[in-house]
Amino acid sequence: MVSLNALLVAGTDTEVGKTVLTSALLAYWQQHRPDQAPAVLKPFQSGVGDRELYQRLFFPNTSLEAITPQYFDAPLAPPLAAALEGRSVDLTSAWRSLETATQQHPWVLVEGLGGLGSPVTYELTVADLAAAWHLPVVLVVPVKLGAIAQAIANVALARQNALDLRGIVLNCSQPYTAEQIEQWAPAGLIASLAQTPVLGTLPYLPAPESLTALAAAAANLELEAL
């Protein structure tokens, strides 16, 4: 497969902040660099959630099917959710959607599911798919106890699959203090162990759908690394 102008927003697990980072990047580019604003693609979604948010906040004239070509009702891993519906995950359809998006926009933000080790099919993980699709990756790590080990494990998986890991972004799901952030997810230690730059920390956003707040959060990241 040829390389496309896209970036995979991956995470260490589910509910770690992939959607927050993706939304922050979308808000930043739409507000500050609209001529280079990306599209968004969540190739696979199980259960109600992100595609509806992206449509409402950023792409009201884009169909849900264009944002998420593979949707399953049950909030389970895609191969399991698909099996409940007598279906299978269609990677070809997802790839074609990515190709179309890159043809219509300067670049594309691709939100992954779960962690890099999460299954996309019965044979492939998110990391496998990123390698097959030649997608550079930014890894979201939640600020919490255990973040260091999760970060290093996912970075190791990225290395195993020879992924182009652009950097790590820490995410605060609660209003943590600077001391808590440093104790639970010390950027210097994570960067040293992972041999990967930490591009910044997303603060807790009490109004997570505020485009101004999202754009401001992204502005504090080392965006040039992406």
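Backbone N, Cα and C define each Cβ position, glycine as well.
According to TrEMBL, ASP50, GLU111 bind Mg(2+); the candidate from THR12, THR14, THR19 that the record adds to this site is THR19. Cα to Cα, GLU111 (Mg(2+) binding site) and GLU15 (ATP binding site) are separated by 12 Å. Report note: the Mg(2+) site is defined by THR19, ASP50, GLU111, and the residues of the same chain whose CB lies within 8 Å of the CB centroid of those residues, excluding them, are VAL9, LYS18, THR22, SER23, VAL40, LYS42, GLY49, ARG51, LEU53, TYR54. On its own chain, ASP50 (ATP binding site) has THR19, THR22, LYS42, THR68, GLU111 as residues at least 6 apart in sequence with a Cβ closer than 8 Å to its own Cβ.
Note: the Cα of CYS172 (ATP binding site) and the Cα of SER46 (substrate binding site) are spaced 24 Å from each other.
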